[in-house]
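Structure first, commentary second.
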Amino acid sequence: MQLDIDRLVAYFGGVNALAEALKRHDPENAATTAAIYKWRTRGSLPLAQLQKLTALAESQGRPLDLNAFLQKNESLERTEMTQANRVIIFDTTLRDGEQSPGAAMTKEEKIRVARQLEKLGADIIEAGFAAASPGDFEAVNAIAKTITKSTVCSLSRAIERDIRQAGKAVAPAPKKRIHTFIATSPIHMEYKLKMKPKQVIEAAVKAVKIAREYTDDVEFSCEDALRSQIDFLAEICGAVIEAGATTINIPDTVGYSIPYKTEEFFRELIAKTPNGGKVVWSAHCHNDLGLAVANSLAALKGGARQVECTVNGLGERAGNASVEEIVMALKVRHDLFGLETGIDTTQIVPSSKLVSTITGYPVQPNKAIVGANAFSHESGIHQDGVLKHRETYEIMSAESVGWSANRLSLGKLSGRNAFKTKLADLGIELESEEALNAAFARFKELADKKREIFDEDLHALVSDEMGNMNAESYKFISQKISTETGEEPRADIVFGIKGEEKRASATGSGPVDAIFKAIESVAQSGATLQIYSVNAVTQGTESQGETSVRLARGNRVVNGQGADTDILAATAKAYLSALSKLEFSAAKPKAQGSGTI
């Protein structure tokens with residue numbers, strides 16, 4: 001038997017807190033911070049120092065039971081229960097990621113993303129906030145009926161109605177989880193909840209007990225945990241564990257923490273929480289200071305065994321911890337972490353591209369792992385080194401994360417059945433024969449223009465076509481653009497609104513401006529253009545262009561996407577797609593207080 005020095009130090013609040021407490025207790029013979037770090041490094045401490053710790057604990061009114069800190073103690077066997085080297089990946093792209101401005105997805109789009117997340121190997125898929133709106137409930141329920149391997153989860157406040165809606169929504173899933181939360185920081189309890197700490201604990205316990213009526217897999221989150229008082233956190237976490245919570249999530253809701261503090265916080269909290277060794281501890285970090293991934297990794301060092309993250313780091317404000325960076329950090333630096341995930345890393349880039357296509361959020365070229373430049377080398381010295389031996393300048397291979405995914409998919413001679421089968425392989429399932437026929441017709445048109453069609457082309461094509469399937473939408477029909485040097489470009493465009501054909505013309509400072517003005521001359525939406533961007537779907541001059549348009553009106557922000565080998569046609573499609581969402585997709589009546597954790 002051996003003492004767990006890390007837990008022992010954490011019991012006193014961490015290295016710095018312990019050093020200060022020892023100095024106050026015995027100023028002349030106190031151990032220094034450096035000495036305490038050495039205890040942790042060696043995994044042992046002198047008997048004389050152990051006696052001082054015992055005396056310190058007694059002076060604080062909490063006698064030290066050394067049996068609780070023996071390595072073989074039952075409370076430390078969490079490693080055996082949850083496989084200490086196995087990290088659970090909890091993907092919240094469909095819930096927290098969707099809270100990015102304009103990133104709202106349709107039910108069909110969410111199902112496509114969920115299928116890809118299951119293919120990626122995400123252990124938990126947080127499909128949404130079922131009580132937020134009827135649309136959210138339908139999407140969570142549809143995903144619960146679709147996903148068979150991953151656990152499907154719904155978020156809910158610590159309110160009975162929310163929890164019961166979540167329970168009903170995830171009911172069809174073979175593996176289901178309810179994730180309930182309440183704020184625990186002093187500022188949130190006083191100003192947002194207007195509740196006393198005792199009331200917050202009572203609400204949390206009640207919430208967990210109701211959730212257990214629907215599933216044995218219940219996660220509890222302490223919103224704004226990293227700004228909460230740790231003794232109160234230990235109390236509320238202990239109470240919900242006793243009530244039946246199986247995962248405890250500690251969110252850095254406002255991205256306030258820094259890595260070494262995060263690690264210490266987790267160590268101390270786990271040590272102080274009654275029955276803390278009987279649950280999985282989870283980290284949910286936001287990126288306001290650019291430290292979400294670093295804090296997530298630090299939490300794992302501190303004892304967490306679940307991380308909550310999103311594809312491409314998508315999320316409101318500065319985003320969330322990105323799943324691709326966490327997974328590859330654990331894989332590449334296995335020598336330091338010794339931790340494993342169940343992620344198929346070759347699906348990382350396909351997942352990134354799909355989420356980017358559907359949400360309209362392009363990936364920055366220098367983004368780690370999934371950026372277009374992630375494996376590019378401009379320096380001649382670097383290029384020479386990589387050619388001679390890849391590992392001179394690359395710590396992982398492009399193929400290992402799926403950059404070989406530009407696979408030749410289909411050709412102009414491919415038939416309808418081959419097309420349907422390929423869509424199924426990509427996780428794309430169209431709801432009707434009409435939708436399949438429309439998508440296949442678009443594919444044949446594309447095949448006549450483009451010799452090689454890749455998986456990415458099909459994702460872009462289907463996303464574009466699905467947006468046109470709604471009868472209550474703006475639908476692109478055709479356009480003619482006239483430009484001449486020195487003259488204002490003119491756009492003549494034909495489009496449909498609820499099946500009624502409209503014609504419009506306008507001139508502008510450029511062809512894009514002319515297209516937008518022509519559409520607005522009929523639509524009169526009153527929206528403001530926030531973002532217009534164009535990206536090539538694949539390489540080559542005949543590649544499809546994927547265009548994103550972000551429109552804002554009042555407090556609503558929407559993204560529209562269009563894809564075509566003709567960039568100006570893609571531009572018109574994207575603008576019409578955004579207008580469809582703005583005009584015909586009702587704004588979600590979010591439940592009050594249903595913000596991010």
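Here, residue 1 is simply the first one shown, and the rest follow in order.
The backbone N, Cα and C atoms fix where each Cβ goes, and this holds for glycine too.
From the candidate list N67, N141, N312, N320, the residue Swiss-Prot records in the Mn(2+) site shared with D96, H284, H286 is N320.
For the region '2-isopropylmalate synthase' (87-349), the model gives a mean pLDDT of 96. Neighbour counts of Cβ atoms within 10 Å were compared for the binding-site residues H284, H286, and the top value is held by H284. When Cβ atoms from all protein chains are considered, those within 10 Å of N320 (Mn(2+) binding site) total 31, not counting its own.
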